[in-house]
Amino acid sequence: MADDQPLLEVENLTTTFSTDNGTLTAVDGIDFSVDTGETVCIVGESGSGKTVATESITRIINTPPGEIEGTVRYDGRDLLSLPESELQNIRGNEIAHIFQNPQEAMNHCYTVGWQITEALQIHQDVSDDEARAKAVDLMDRVGIANASSRFDDYPHEFSGGQKQRVMIAMALVGDPDLLIADEPTTALDVTVQAQILRLLDDLQEEFEMGILFVTHDLGVVAEIADRIVVMYAGKVMERGGVLDIFDHPGHPYTQQLLECLPEFGGSGGGIPGTLPDPHDPPDGCRFAPRCEYAEEACRTGDQPDEVEVAPGQEVSCVHYGPGGNPSVVRSDGLGPGDGAADGDSEVGPADD
Amino acid sequence: MGFGRYVTARVLWAAVVSLIIVTITFLLLSAAPNPAVQRAATQAALQGGDPAEAAERVRELRGLDQPLHVRYFDFIRSVYTLDWGWSVSRSQPVMEAVTQALYYTAQYSIPWTILTITLGPLVGVYSAANMYSWKDHAATGFAFFGYAIPNFFFGIILLLIFGVWLEVIPVIYNTSAPVFSVENAIQLSVPVFVLVTGSIGAVMRVSRNESAEFQNADFMKTAKAKGVSPLRAYAYHVMRPTLVPLSTTLVGQLLALFLGSSLLVEVVFGIPGLGRLTYEALLAQDTNLVLGTTLFFTFVAVIGNLLEDIVFTVLDPRISYDDR
């Protein structure tokens, strides 16, 4: 964190889509950074703009209908101002992606080997034999048995977990410095999920990558993250080290997210209410309409500025700001589920 | 490899299908009265001879007095040794007549087929990439126009405009023009254009709609994230899966036009090809020649379907060929 120059630094990123119903703001001026060798998790419920934020970094989002503003500094360059051709050289080569659904993420007409080597050969001038050797080696590394014979198999001949392993091999074949993993384990069952997380952890050390990991699953976050960015309705609610946030979550939204986890003594229920309409977000704090501590001050103006509540932990909440009283939010102690759940008789449906 | 066995099995099936067709043709022919026998009988009656005796002589001459199975095996042998009999109306062997006509038919069919199977998918995918833009609407309009307008009518209109009024193409087809000459290219341009507009519409529509599905697929996002350029992404990741359903349409579409429209177009433009040969054989009641051209088209259809089956499995690896 003391590094002068983070690997990736995103500032004031705003992504909007023009739709028939007007402009939809999916990501509304968020900041975050990722260092080499570090895993940053973007957490939030579905629809909070996590995926759009990560896909804005290398402009994978189609523009139009999307429009991306802000700065994305990567390795001394502002990615958002680069021409498309230069971005193509960065994608898959320096910044790689893994997506949520491995079942659909591969083209069913080509062998997995073809698809892995494609990622290598469009960036580097390597012979077919070299590319094959490297791909087989990577398939072996990500845990696919008989890699050299499976090289010529088609995606439908692999299981879901194996496909995600292949996707990881495909992402790593260009030796990226930054890996963006968008819910890579959501579509997989729990045992496979744990294997994939462990694999990513091992590979991170080996490849010295920064990982930007998107998930709505706090259980996954606990296993993999160094730092957490909590997003809600296109805004950052809270950020900080993983231990700090799990130990003393500052923002009511973070507290309630943690309460949803049975492992943390929570009710396992949901947060009452739904996400605000992204066409017309509410004034003040985005979470105010669903927040049990919301006051008049929460519902006016813009999203509150982030306030540092502990070293490296910042919260965007009126109660921590000037004139606010943090004890309103933290009155019942710091751990989640300690007291806040007592008065919480209303349990909403799970939000997925 | 299962693939080699699959291809062998398909080829054998195609042979069986063609044998069944030839058998049915033979049975129909043997059940129908033979015009030559009737003609001889009438002739004999007119000249005061014995019609029954004359008929018997002709039957003997043509081997019709042989038992059915002997005639069947004779027939099969002559069909597969390409000895398709004598064309009375043209006073030449049927095979020779078909070969000569095929020479002219091929001259417009080959460029027409190539243009359809290259331009159709390209324009369709381009159309999908620019969906609902004016380019897409223009391509769609052209596709519907070509699909809707009857080929022979469109041919007459174009012949009237370019042949009669503007005089840039000859109205009468010149059979003596060398195959690879500017003159031949000019005189074939309009019939080829007419046929392409007729066949490309369906191909464009199918490839547009299929590729619209694939261009929004998750694997396109993967391709983009890998750094694949849009052109390469369309060429490899959209075009390939699109060709799978397209290959079915393509073969059916081309065969239908080959059999139906080529006749009308040949009549309109005066090209002495297969279509016109069939048409004239029908008018002249030249049984052997009708049989020959029909068998030719049948074999083309059988081979077309065989190619389609093979192309299908090559294009889409998910199609299993184990149990077929």
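Heads up, the Cβ atoms here are built off N, Cα and C, so glycines get one too.
Record features (TrEMBL):
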- B:102-308: domain 'ABC transmembrane type-1' (DOMAIN)
- B:12-32: transmembrane segment (TRANSMEM)
- B:110-129: transmembrane segment (TRANSMEM)
- B:141-165: transmembrane segment (TRANSMEM)
- B:185-204: transmembrane segment (TRANSMEM)
- B:254-275: transmembrane segment (TRANSMEM)
- B:295-315: transmembrane segment (TRANSMEM)
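Under 8 Å from some Cβ of the transmembrane segment (B:295-315) lie the Cβ atoms of residues 3, 6-7, 10-11, 14, 17-18, 21-22, 25, 79, 84, 98, 102, 240, 243-244, 247-248, 250-251, 254-255, 258-259, 274, 278, 321, all in the same chain and six or more residues away from its ends. With a cut-off of 8 Å between Cβ atoms, the residues of this chain six or more beyond the transmembrane segment (B:185-204) that come close are 107-108, 111-112, 115-117, 119-121, 123-124, 127, 139-140, 142-147, 149, 151, 154-155, 158-159, 162-163, 168-170, 173-174, 177, 246, 249-250, 253-254, 257, 261-262, 265-266, 268-269, 271. Of the recorded ranges B:12-32, B:141-165, B:254-275, the transmembrane segment (B:110-129) has the largest number of C-beta contacts under 8 angstroms with B:254-275. Residues of the same chain lying 6 or more positions beyond the ends of the transmembrane segment (B:141-165) and with a Cβ under 8 Å from any Cβ of it are 171, 190-191, 193-202, 204-205, 257, 261, 264-265, 267-269.
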